[in-house]
């Protein structure tokens, strides 16, 4: 949903327009930046998020299905591709905003450390959840992150909570609950299976809540700490926070002793060492591609918009999982998938309504400006 339709944001947007500079409000940016180039960049970010997230989730499941068992290794792949971001960072030309330090270095370091540590914990929970749940069920339960993001966006980013957004939250949460009570439809009926299913469900919901908080913290960082949304700052924030998350994963791997099992796991991996390395490398690259798209959407629009875009991939992952991994497409999953689509469409319709309202406000402001200019011209002439 577009956010912050307040008189304050409208006044600041009017002020920005009068000085010929780009407005800072995400709502105002979305209202006035209707050019083809801007929408093309948003579309590219959405494609990166959807394709990267889908590929990364499927490759993680392939890792487990082929004999991989290291939770910390899976955790590391979700952030370990961060050094690759140095390449686009070096190739991206700097803008005037990139040449100034928006906040003290110590404050930025604290932000990177806090968000990075939370990312590391979130990645670990996702790693366990993907081992315990079928990938199709995991993806659909993860839709609850949009509901959590609506709450965190309200608390941290002044997000409006409309009836349509409330409907989206309720429907998506209920879709996840339907999957939880329908665990028997996924296969085994053993007690151990049900224990693992319950653990995977709880971990997925907890990780979704943490991820929603992370996105809202990213948005807060761009608005209050960095005070810029340039491509270079997006890459800097993502790279530094994910480097901290990688350090957390490496520390956990050594503390748990899992590093001793890596060589044996590599040797026993179905398809050999080359496939093992390719799977992990591909997963790391796919996660970073998805995160680049998602964080750029946070900077361009809002955290809730970025999260809602990620929910669009939910119908994709279960379909690929049925083809690639033999997951069962049960009736409960179909119902949950349709409910997820319903929840997203409810959000998308609110987005449409807010866009029209913002465009109307912009036109009204332009009319006021024109009237004032004409009045000033008459006064000067007289």
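Note that Cβ sites are derived from N, Cα and C of the backbone, with glycine treated the same way.
What TrEMBL says about a protein is an automatic prediction, not a curated fact.
Source: prediction; values computed, not measured.
Annotated features in TrEMBL:
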type	residues	note
REGION	1-28	region 'Disordered'
COMPBIAS	7-19	compositional bias 'Basic and acidic residues'
TRANSMEM	38-64	transmembrane segment
TRANSMEM	105-126	transmembrane segment
TRANSMEM	164-183	transmembrane segment
TRANSMEM	195-218	transmembrane segment
TRANSMEM	239-256	transmembrane segment
TRANSMEM	276-292	transmembrane segment
TRANSMEM	304-325	transmembrane segment
TRANSMEM	331-349	transmembrane segment
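The transmembrane segment (304-325) shares the most Cβ pairs under 8 Å with 38-64, out of the stretches 38-64, 276-292, 331-349.
In this chain, the transmembrane segment (38-64) lies out of contact with the transmembrane segment (105-126); the count of Cβ pairs under 8 Å, excluding pairs fewer than 6 apart in sequence, is fewer than 3.
Ranked by Cβ pairs under 8 Å to the transmembrane segment (38-64), the stretches 195-218, 239-256, 276-292 are led by 276-292.
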